[in-house]
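Participant: As annotated in TrEMBL:
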- 1-22: region 'Disordered' (REGION)
- 1-10: compositional bias 'Polar residues' (COMPBIAS)
- V247: FAD binding site (BINDING)
- Y353: substrate binding site (BINDING)
Amino acid sequence: MESGAKSNSELRSEICYPKPQTQQVRSSPSVIVIGGGMAGVAAARALHDASFQVTLLESRDRLGGRIHTDYSFGFPVDLGASWLHGACDENPLAPLIGRLGLPLYRTSEDNSVLYDHDLESYALFDTDGSQVPPELVTKVGITFETILKETETIREEESEDMSILRAISIVFERRPELRLEGLAHKVLQWYLCRMEGWFSADANTISLKGWDQEELLPGGHGLMVRGYLPVIHTLAKGIDIRLGHRVTKVSRHYTGVKITVENGKTFKADAAIVAVPLGVLKANVMKFEPKLPDWKEAAIADVGVGLENKIILHFETAFWPNVEFLGVVADTSQNCSYFLNLHKATSHPVLVYMPSGKLARDIEKMSDQEAANFAFMQLKKVVPDAPAPIQFLVSRWGSDVNSLGSYSYNIVGKPHHLVERLRIPVDNLFFAGEATSINYPGSVHGAYSTGLMAAEDCRMRFLERYGDVDLLQAIMVEEAPLSAPLLISRM
Ligand SMILES: Cc1cc2nc3c(=O)[nH]c(=O)nc-3n(C[C@H](O)[C@H](O)[C@H](O)COP(=O)(O)OP(=O)(O)OC[C@H]3O[C@@H](n4cnc5c(N)ncnc54)[C@H](O)[C@@H]3O)c2cc1C
């Protein structure tokens with residue numbers, strides 16, 4: 001389905017058009033999937049299994065997108081997604097993960113105020129290295145929950161949207177007793193810091209109207225101990241995948257689509273699934289011809305993309321407290337720190353420092369070495385005589401042209417229904433990706449579901465057009481008899 005950037009006549013002979021249709025025999029429809037992250041791979045798998053001719057074009061030299069399991073330490077570590085949010089049978093990825101026998105390490109039960117963690121196994125420190133008493137952390141957690149509950153009242157009262165930070169300041173005006181001082185204030189900032197990490201955005205940009213719109217599956221949060229990549233590779237088996245194919249133009253006609261990649265090659269098919277990150281769509285580096293409708297462009301512009309990064313430090317030995325996470329509290333949420341202790345879950349001496357929002361953007365301006373030093377200095381507040389790491393990895397999801405951000409969130413003043421508009425197809429273009437997920441944005445299982453949904457929309461479109469039910473197999477979400485329970489532990 002591809003051609004070189006040559007003369008028109010050469011082009012015509014090399015471009016593979018959809019096969020001519022005869023009255024009796026019609027070949028199965030062709031689809032190009034743009035983007036090989038979880039959404040694109042899930043869509044490609046589903047369409048391939050439903051007898052479509054599928055080609056997947058991926059700009060990077062690897063699959064997975066914001067799933068990026070690195071093996072350079074000699075064992076897997078995830079630079080992107082690492083938790084299964086909702087370690088339960090209802091999770092659409094559970095049957096696959098269960099069948100692959102991939103173990104999970106659960107870091108929290110349901111509905112924790114700290115999202116992916118609870119307060120079972122942690123240690124928080126003040127900037128002078130003294131440990132924060134656990135009773136204080138629990139007490140401040142209860143206050144934080146009360147504050148968030150109060151913001152719900154404000155949301156109901158106010159017709160205009162505002163930031164979650166503004167809402168919290170109104171809560172303090174109304175209920176000054178919730179305002180905390182000294183160390184308790186710092187701990188409260190740390191809770192806010194973790195909330196900002198969850199949304200990958202600063203609290204002054206997160207929409208009050210939109211912040212609790214996403215659904216959390218039950219089962220708490222489970223770390224993928226052996227990394228997320230095996231899930232991608234399993235889904236991608238047998239699919240025609242072209243790595244290093246950066247799409248620059250998407251042209252659609254009544255009869256099909258023509259996709260142009262960076263080196264001028266073109267691909268033709270009956271339909272396309274656009275599964276690139278929202279950040280990439282925002283940057284306009286992929287041209288649409290004719291241009292996308294105004295409502296689609298507005299949705300692309302108005303749904304937010306945040307930033308969270310990982311600085312992964314590999315040490316000779318694990319010399320820090322044997323807890324699931326370490327934190328440093330501070331006067332502002334931005335000055336607080338959070339380290340995920342992978343030693344607890346994987347037995348490897350690794351700490352993952354995760355900054356978000358403006359702090360993450362500032363750190364992206366540093367070199368890898370400077371960023372690693374920065375994370376190490378935060379660790380020294382907890383363990384002053386910490387030995388230097390032997391290896392490190394630094395993610396740059398904000399400046400990477402293949403992602404241009406970490407994941408979507410609702411920004412102040414923009415209606416929540418925009419997400420639905422991101423998803424709605426335009427002619428024979430179908431859209432998938434975490435940002436198009438109404439219920440589970442910003443997650444791997446959300447991205448997976450949108451891939452399946454786009455594939456099903458595409459299949460239905462062809463059924464409507466040709467009415468040829470036998471040609472296209474039903475999209476199987478999961479084969480129940482093969483499903484196996486999730487392997488979940490916590491030590
Ligand atoms: C640091 C971090 C931590 C996270 N933690 C978690 C977590 O613990 N649990 C969780 O559930 N979620 C987590 N997420 C979110 C999760 O990773 C994403 O929601 C999900 O992986 C997105 O999948 P996707 O298919 O929508 O997009 P992507 O994975 O970004 O896939 C899009 C693909 O399109 C490709 N592409 C881009 N431009 C082009 C182009 N022009 N032509 C062709 N291809 C192109 C990209 O290279 C990429 O492979 C995290 C994300 C980050 C960044």
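Each residue, glycine too, has its Cβ placed from N, Cα and C.
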Participant: Fill in the CA-CA distance, the residue listed as 'FAD binding site' to the residue listed as 'substrate binding site', as an integer in Å.
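Facilitator: Answer for this pair: 33 Å between alpha carbons.
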Participant: Just counting, how many other CB atoms are there within 10 A of the CB of V247 (FAD binding site)?
Facilitator: 23
Participant: Give me the non-local Cβ neighbours of Y353 (substrate binding site): same chain, 6+ apart in sequence, Cβ-Cβ under 8 Å, ordered along the sequence.
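Facilitator: Non-local contacts for Y353 (substrate binding site): K310, I311, I312, L313, S337, Y338, F339, A375, Q378, L379.
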